[in-house]
Amino acid sequence: MANIEYDPQRQLFHLHNATFSYIIQVIRGYLVKRYCGPALEQFSGTAKLEDFSHAFNIQNDAAPFSLTTLPLEYSTLMGGDYRTPAYAVRNAHGQLIGNLKFHDFQILAGNENFNGTLPTARTPNGQTLIITMHDETDTLAVHLKYTIVGDLPVLLKQVAYRNLSDNTLTITHAASLQLDFDDHAYDLITLTGAHLSEASVTRQPLTPGKKSIASNYGASGPQGVPATILAAPATDDFAGEALGVTLLWSGNFNYTAQVDQFGNSRLVMGLNPELFSWQLKPGKPFVTPEAAVAYTTKGLNDLSHIFHQFFANHVMPVPRRNLIEYNTWESTYFDVSEAKVLAEIPKAEALGVELIVVDDGWFKNRPNDAGQLGDWVPDPVKFPRGLRPVADALHARGLAFGLWVEPEMISENSELYAAHPDWAMQYVGQKPLRSRNQLVLDLSQRIVQDHLIAVLTDLVRTNHIDYLKWDYNRHFSQPGSPVLPPDQQGEVGYRYTRGLYRVLKTLRDTFPKLIIENCSSGGGRLDGGMLAYTDQTWTSDFTDPVYRMKIMNGFSLFFPLKTFVSHFTMSPNLQDSRVTPLRTRALLSLVGVTGIECPPSQLSPAEAAAVKASFAFYKANRAELQNGSLYRLHPSHPNQDQVCWLITDEAKTKAIVLTSAGVIAPIPHYQHVLLHYLRPTMSYQINDKKTATGAELNFAGVTLPLAHGDFSATLMTLQAVSHLPQTTTQANGDIAKLPF
Ligand code: DGJ
């Protein structure tokens with residue numbers, strides 16, 4: 001149970017639960033981070049702060065400390081601290097407001113959400129600390145919010161500003177968190193990428209200077225995920241210290257890791273200051289996105305496990321069973337129709353499909369990607385009777401009906417654009433810059449948000465829709481709002497993302513059972529903010545199973561298994577023309593939320609048998625494959641592009657080892673893999689045959705089947721047999737009998 005203690009003598013705040021402590025002290029009025037790490041019962045301050053002044057130190061009230069070496073909680077430039085600032089607010093003189101000092105604090109029950117439309121983690125039984133700081137002229141109040149999440153070693157941070165003066169203040173930088181360290185003995189781990197190659201992992205030592213990952217695309221973007229890890233150099237997946245940070249935010253962001261002149265380091269994360277500014281009117285608040293900090297001494301798998309629990313249990317919509325899907329996109333592209341979908345229903349059902357999703361192309365004037373986004377009216381030729389016949393046919397068989405939409409976009413040839421050209425984001429007097437032939441709706445306008453809420457509510461209600469695939473296929477180029485005054489144009493990005501959350505939240509509240517799949521040409525907007533309002537994410541448009549597995553492996557640093565949608569796809573693959581063995585296509589689509597992109601009616605008999613068997617296996621093991629714990633394993637003699645996962649239930653009574661073997665090595669090698677995370681004293685039956693203890697499997701490991709040819713895949717099941725009735729092995733499904 002999380003707790004917050006305050007020692008008035010030392011002005012010391014101790015936030016802790018059974019696993020984690022975070023300690024802040026007010027020193028000469030400044031807010032100083034004293035500790036972040038494993039839970040402490042007490043803190044006496046044996047590790048002292050550096051209390052001497054450096055040459056040319058700025059002389060302020062902090063003496064004998066130097067503000068530029070103190071590990072501060074939240075600071076700005078030009079007050080004595082020269083490190084990367086967490087905020088920049090200018091007063092009526094156009095000058096920076098600095099020297100924030102402790103003013104007061106409050107301890108509240110639960111997670112005090114500063115602003116109902118921004119995503120926030122659920123921590124119903126916790127406590128929240130709000131520390132308020134003022135500048136010396138009492139112009140600006142800054143409220144720092146801290147909450148520990150349940151029993152997890154996770155700390156939420158969020159910041160609110162309030163204008164105490166009679167003049168408008170200008171915010172040009174407003175980070176969600178600052179974390180200072182008195183050394184820089186860390187590697188920085190980042191996820192970057194592009195469309196079709198999301199979540200590429202880079203690990204590099206912190207060195208003097210700054211390293212930033214940012215987005216000014218309007219969305220978090222495949223170019224960088226707003227989440228990063230600082231890991232001790234020796235830390236690997238299985239051991240060592242690591243601290244991870246993520247934002248619950250889907251718009252422009254920046255994080256910067258800096259090593260300063262003294263070898264100390266600082267991490268600042270939040271909104272991207274590049275395109276941002278905010279006019280803070282007298283008496284008004286401004287709230288940053290929420291950030292989450294996770295900590296472990298047990299390696300990157302443990303840190304990932306903490307993040308997975310955090311997102312699955314505290315951020316994502318309440319768990320429910322996601323459905324095995326047939327999606328029409330790779331079957332028909334834009335040429336989808338009622339007749340084609342109806343013809344596939346019995347075949348899809350026979351494979352074990354539970355949901356059919358009509359992807360792009362269903363609405364009028366959409367033969368290709370040149371139009372007509374915004375109107376959302378079924379094409380009279382492709383769907384002459386509207387969408388209901390498809391929905392009804394599916395529901396009559398107990399299957400669910402899903403529809404693709406791209407609500408945030410508008411085509412200039414739409415009726416919506418003809419009626420409301422001022423609803424598109426634009427720069428005054430400049431030609432619109434299109435991408436994929438479309439413009440972005442200005443969701444910073446409440447009227448546009450209300451329009452989307454009305455249209456989508458009607459669409460879902462009228463057509464009995466169970467699932468929406470919410471796509472977003474272009475980034476901002478001219479982030480101007482026709483309705484905001486000139487000095488507020490820097491607010492568009494923030495207002496847009498907040499407006500998007502309002503639309504999503506309203507829909508979720510109206511249709512609690514509606515499944516929403518997050519998609520931005522794949523995993524281009526997979527972040528903590530979208531996870532708060534969506535159930536699953538189309539991981540990548542790169543549907544080659546081998547590379548999708550690599551992409552998911554990158555995302556798995558932060559996001560839980562149930563986030564990832566992985567479908568059985570065609571071979572040769574439609575993106576890279578790679579021919580992949582049938583067994584690999586079937587096995588590697590089993591993780592997360594499975595489904596199929598190929599037309600069921602056009603599968604070969606061997607493909608149909610493989611898909612049917614893998615869906616049956618998925619159903620028998622859905623709890624683990626969709627909601628289980630995921631750990632990255634490292635076989636000996638790793639091949640290029642190899643990925644190996646252990647997937648278990650919480651109690652570790654069932655386990656699955658899934659390996660994508662990658663490009664085969666020239667010299668054949670048996671590969672051994674240690675399973676690390678099974679219960680040592682438990683006995684496990686492997687693939688329903690041999691039995692071994694968890695200890696042996698963890699420390700001596702198992703041998704993977706010898707790979708033959710490139711891009712093979714293997715699957716091993718383990719069932720705990722001690723303390724459990726033998727009959728449970730039946731539910732495991734017999735992978736040896738799968739026909740592929
Ligand atoms: C991009 C998505 O990632 C695809 O799956 C598909 O829905 C297309 N958009 C449709 O335009």
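We number each residue from 1, going along the chain as drawn.
In case you wondered, yes, glycine gets a Cβ from its N, Cα and C as well.
Caution: TrEMBL annotation is automatic and unverified by curators.
Source: prediction; values computed, not measured.
According to TrEMBL, the feature active site, nucleophile maps to Asp471. According to TrEMBL, the feature active site, proton donor maps to Asp541. Look at TrEMBL and you will find 30-281 tagged as domain 'Glycosyl hydrolase family 36 N-terminal'. Feature annotation from TrEMBL assigns domain 'Glycosyl hydrolase family 36 C-terminal' to 643-718.
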Averaging the pLDDT values of the domain 'Glycosyl hydrolase family 36 C-terminal' (643-718) gives 95
Quick check for the class: what is the C-alpha distance, in angstrom and rounded, between the residue listed as 'active site, proton donor' and Asp471 (active site, nucleophile)? 12
Within 10 Å of the Cβ of Asp541 (active site, proton donor), how many other Cβ atoms can be counted across all chains shown? 22
Under 8 Å Cβ to Cβ from the residue listed as 'active site, nucleophile', same chain, six or more residues apart: give me those in sequence order, or none if nothing qualifies. Asp360, Trp404, Val405, Glu406, Cys519, Ser520, Ser521
Would you identify the secondary structure of Asp471 (active site, nucleophile) according to DSSP, in three states? coil
Using DSSP with the three-state reduction, classify Asp541 (active site, proton donor) as helix, strand or coil. coil
Let's see if you can do this one: DSSP helix, strand and coil counts over the domain 'Glycosyl hydrolase family 36 C-terminal' (643-718), in that order. 6 helix, 33 strand, 37 coil
